[in-house]
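*Asks:* I'd like to ask you about the structure that follows.
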Amino acid sequence: MDLRTMTQSLVTLAEDNMAFFSSQGPGETARRLSNVFAGVREQALGLEPALGSLLSVAHLFDLDPETPANGYRSLVHTARCCLAHLLHKSRYVASNRRSIFFRTSHNLAELEAYLAALTQLRALAYYAQRLLATNRPGGLFFEGDEGLTADFLREYVTLHKGCFYGRCLGFQFTPSIRPFLQTISIGLVSFGEHYKRNESGLGVTASSLFTSGRFAIDPELRGAEFERITQNLDVHFWKAFWNITEIEVLSSLANMASATVRVSRLISLPPEAFEMPLTSDPKLTVTISPPLAHTGPGPVLIRLISYDLREGQDSEELNSMMKSEGPRILELRPRPQQTSRSRSLVVHFHGGGFVAQTSKSHEPYLKSWAQELGAPIISIDYSLAPEAPFPRALEECFFAYCWAVKHCALLGSTGERICLAGDSAGGNLCFTVALRAAAYGVRVPDGIMAAYPATMLQSAASPSRLLSLMDPLLPLSVLSKCVSAYAGAETEEHPNSDEKALGMMGLVRRDTSLLLRDLRLGASSWLNSFLEFSGQKSQKTSAPTVESMRRSVSEAALAQPEGPVGTDSLKILTLKDLNLKSSSETSETPEMSLSVETLGPSTPSDVNFFLRPEDAREEAEAKEGLSAKDGSSRVSNAFPEGFLPRRTSQGATQMPLYSSPIVKNPFMSPLLAPDNMLKTLPPVHIVACALDPMLDDSVMFARRLRALGQPVTLRVVEDLPHGFLSLASLCRETRQAAELCVERIRLILTPPAAAAAAAPPPL
């Protein structure tokens, strides 16, 4: 059913039901039912033109005609799902309203919940139109000046969200996912209660997550509590909640449903420098230093997973680095026979918003990968923010990647084909590790498989990111807190908030974070020296260049003098400047640099996104003069007269709009990398989700690579949430999406000659 027909059918049914309940007398229930259908009629009529205008231009933002996916399409699809549910419910009411079995209160509550959702979706459609009018043709990310960006986000996050976390939870996803999301939401709000009573949630057990029955039977209460938690609790809460899957009972249950492998060992790589040959001249080497940023040298943990025990995996050298995870039950079994080394190796970086989870959380699907691919897999347990912000994780992942390339024989591989694979934050690390390998001149992986990656960590709006208003796994405030923690600026809580629940250790963490903030900001200066030696590198690497690469990035940052290329100057360094510094032969401005140049000077700041109505009016009046000067209308003018979306009832809450130059760093936001850096990437295969707030990250990154002539594919799965790999065993749809990721990895691991021989003959 097309959008117009669906809207007309819904309006007709709403008018019929409205007339019926209006004639039922002065009762409160009849009045509310009449009002809710009047509201459905009004919102549907107002929403249809906005959706139609978005749909008419959505094709202009696709990667290609075979990949019809972007945030505008996703927003229209989500609104259609809400309209379809209201249409179904309106038909049911029209058919059963005279029956004695008609559950009046239940149907009224559901209709009111979906009307609230429809109202908020209408607001998102108007915001999307605002983005469409502001951005350059083909651009999906908001490109207004920094003040306008702050205005947009400030206005956006005041929208009411609780309606999407109660009865309407997950309505946009496949029905198989919704029971799981409901269970997660109940567990989240129960965990939030325990978190307030137990410092940092450390005392919470798996059985205590579902003890609050009132949240299970009252969707409205659950939605309100879910909204309160997402807006007010700090990043340490989310770290604790996301790590709940690693509780022994839950991890054991997950592993019972996964494939059985011969090898699953945690290995500790010693923090010792080693030499790697340069790809341009293998006679020359570069020193790979151990990670140093923030906490100094330290070991890097990796997990080796292999379906078969292969040569080298049981060697004394590898066993000496093995880290104990408890008693080894496998030692009591007969010693399995070794098989030959695989030609392939998969290096995996796990997701978790840079702040949570380990390889243990992702072990179930990695075991299946090891079985299906017939290749050993190493998954890197990089250090997590906020204790270890950028660039610590990148340094550890790059160190582990280089170690694996050099010592692949110990891992059961000959290293002929190497694939980087990761999901979400891990997808980001796949790109940045490959960029760093190219900058160092060492072997670049043969390909990258990134599942729903984050490629833009800047606070920039896009049509798909508008979906974070209703996403139960990636709310906007949570995304912001994770990015701020990774950038080195933890979220500061409102001083009057009674939801702090940090305890003594939490206060120590907060104060330590504030004390080290300025030191952390200095990490951004490493980019300058990093790009300098990348730009100076020639076909014939000279001794001074090699010597400069022997220093770690952190050492280069500490030795960087103040002045034109110091930390202070980086605060106003644009991507165009970085491109000129890194390549003198590139004359054109990178596609994404235009949006960065308009941002102007940026400093870390806390912006109160949750304004009281009177505050919003005062600020709008104060800025009215500026709007008239530049000819651009402010965000508040996005809504037509007479339409007012619902606003949050949670009150004013601090959420950082962190606009440090670090988030513009190409090694943090690869979407902002200049062309000459992106040209060094190997073939890229991206698997994204149509309803993921990060969808536009994938679409724009694939478009940039396609424009540069780089090999890239983008596959978008429907009706699944962000993080579907961790849900691979949940239902048929998630299994199929996980199989798609395995298929893409197999393409990378297949040698080009074998792939050409296996390809069907041309017609």
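Just so it is clear, glycine is given a Cβ too, placed from its N, Cα and C backbone atoms.
Below are the features listed in TrEMBL for this protein:
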type	residues	note
ACT_SITE	Ser424	active site
COMPBIAS	616-627	compositional bias 'Basic and acidic residues'
DOMAIN	7-314	domain 'Hormone-sensitive lipase N-terminal'
DOMAIN	346-495	domain 'Alpha/beta hydrolase fold-3'
DOMAIN	638-725	domain 'Alpha/beta hydrolase fold-3'
REGION	616-646	region 'Disordered'
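Are these features on the surface or tucked inside, and what are their neighbours?
*Replies:* Mean pLDDT of the predicted structure over the domain 'Hormone-sensitive lipase N-terminal' (7-314): 87.
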*Asks:* DSSP-wise, what's the residue breakdown of the domain 'Alpha/beta hydrolase fold-3' (638-725) into helix, strand and coil?
*Replies:* 27 helix, 18 strand, 43 coil
*Asks:* Taking the Cβ of Ser424 (active site) as reference, which residues of that chain separated by at least 6 in sequence fall under 8 Å from it?
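*Replies:* Those within reach of Ser424 (active site), by Cβ under 8 Å and sequence separation of 6 or more, are Gly351, Gly352, Gly353, Ala451, Tyr452, Pro453, Ala454, Met694, His722, Gly723.
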